Structure formats: structure tokens, C-alpha cells
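Peer 1: First, the structure itself, so that you have it in front of you.
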Amino acid sequence: MARRLTRQLTTGNGQLTLNICHLYPDLMDTYGDKGNIITLVKRCQWRGINVRVSNIGVGQSLDFSAKGGPASGWDLYFFGGGQDRQQQIVGQDLQKKAEDIKCAIENGTVLLSICGGYQLLQNHFKTLDGKMIKGIGLFNANTVGSTTRMIQGLLIELNPELKNQILSIYPDTRYQIPDTRLVGFENHSGKTYLESETQPLGSVLKGSGNNGKDGTEGAVYKNAFGCYLHGSLLPKNPHFADYLIAKALERRYGIVNLKPLNDFLEWQAHQSAIKQTNHQS
Ligand code: GLN
């Protein structure tokens, strides 16, 4: 009760609207990644920011203006995880949406993808039984199915450039982000290898990350992020949720100063998830 009151007192980003496109929510939500959408929606609402979520599936067009939205399209795409079989269906349909998505990312739109979604945004994913699923090459990386299931808590240190950007999202200097690391739960057998210049999202402190060997986790291209962090990721990593919201609003409205929220419970969840990874911090 007291917590909700604090939330209301921190509103003040009214008259802004965040337009979210949830890609393939029916086929790509085996691992509860929808919690990320709920977090984005709630964190906007707590600040008085309007949110609109559109579910786009197989055979549906990404033409946002045709659905009554602004011609400049969605502000944030979300693409969750799924299993190999669903990835084959989605992978084919995604080819028809590739140009729109890539063009949006070139123009600064934000995208968060997890696991199966992340794999389909790469050049290709070769499954363990040898099927080649073509990706859209947004991230210059490839995934190969393996016999090892990487299933455990995953803790990462953000890449330094991103870490600096995240530290600057709250202009109120009295508010300090307690921890910039990201924590989640990975569950994949695909091993991802980043090509030469591709930037990782971060480096692995605990868990396997992209492939369990090179210490990298995820990928970044402009404001598009891919990772293996299920969990869901955003409920217990409020700094990253706010970074995505701030970046997504920036394209439409210019720099938006987000008011800090009372994230006591979120940071407790973050700490508790880190504890479960057995990382000695
Ligand atoms: N099929 C993929 C893998 O196991 C993706 C799994 C997922 O999205 N969690 O590598």
C-alpha cells in the first residue's frame, strides 16, 4: 500500500505514449518472457506515461499507421524465446518483416529479444538435427544447436559503454542505481558465436551466456539488444527496463527524464536471483 502511494507521487511524465510491438506472443512465450511486457507497461503507468501494446503474429503486417498509430511506427519491439519447432514457423514469417524491423532499428527504435527471438535475429540458427533456420541478420552472429543444455542462473556485467549510458538515465543525482549488472535465468542448447565487430551485451560472471566458452553474453546493435536472460528479465532488473523505456521515448520526444520509482522490491528480487547463482560478490 505504502509502496503504491510512492509510485503515484513519482508520476510526472504525462502526455507521452510508448507504443510496444510484441512479436509472435503466441508462439514465442514458452519461458514466461511476457513478464517483460508487464514490467514495461507498469513502469510507464506508474509515471503517467500512456502505453499501447500490439501483438503481431504470423501473417500480420508491421504497418503501424494502418492500425491507427503514428506513421513513425512502434517505439519498442519485444521478441521472446521459444522452442526450435516454433522457431521454424516464426523464422519463415520473419523474413517478410525483416526489412521493416531492420529499417526501424536503423532509425533508433528499441528492441529487446530473448533466447529464441535473439537467435532468429542473427544470420542463422542451425538446429542439432541439422535444420538451417535463416535469421534476418540484424545481429552479425550465428547459433548452432548443441547437446549441452545451458540451464542455470545467468549474471552478467554490462559492456562498459552501455553501463555508462544506463548510469545517466536518472538525472536526479540523489538516486543511485544500486547495481548495474543484469541477472536472469538461461535455458538453451543453442550456442551463439558473435562475428568480428559485433558488440556483446556484456560479459558472463556466472552461467554460460552466448556459448559457455568465450565469456560473452548477448549482442547489441544500435538500440537492439539480444540476450539469453529469461526469468523474466525486466521485473528484477529495473534499471535496464527504464533504460529501454527512456531510449524508446527519446526517438519520438527527445531526451525524457524518467522519475526514479520506489524499486525496493525489484532490487530485493535482483539480489535474491544473484544469490541463487552462487556468485561471490
Ligand atoms: N531453441 C533454442 C535453444 O534451446 C531457444 C530456447 C529458448 O528460447 N529458451 O537454444
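Placement of Cβ uses the backbone N, Cα and C atoms for every residue, glycine included.
These figures come from a predicted structure and were not determined experimentally.
According to TrEMBL, the record shows the following:
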DOMAIN    19-237  domain 'CobB/CobQ-like glutamine amidotransferase'
ACT_SITE  Cys115  active site, nucleophile
BINDING   Arg149  substrate binding site
ACT_SITE  His230  active site
Peer 1: Could you measure between His230 (active site) and Cys115 (active site, nucleophile) for me? Cα positions, answer in whole angstrom.
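Peer 2: Per the Cα atoms, His230 (active site) and Cys115 (active site, nucleophile) stand 8 Å apart.
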Peer 1: Tell me which residues of the chain lie with their Cβ under 8 angstroms from that of Cys115 (active site, nucleophile), as long as they are six or more apart in sequence?
Peer 2: Tyr31, Gly80, Gly81, Gly82, Glu186, Asn187, His188, Cys227, Tyr228, His230
Peer 1: For the recorded positions Arg149, His230, work out the Cβ neighbour count at 10 Å and name the residue with the minimum.
Peer 2: Arg149
Peer 1: According to DSSP, which of helix, strand or coil covers the residue listed as 'substrate binding site'?
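Peer 2: Where the residue listed as 'substrate binding site' sits, the three-state DSSP reduction gives strand.
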Peer 1: Using DSSP, would you call the residue listed as 'active site' helix, strand or coil?
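Peer 2: DSSP assigns the residue listed as 'active site' to strand.
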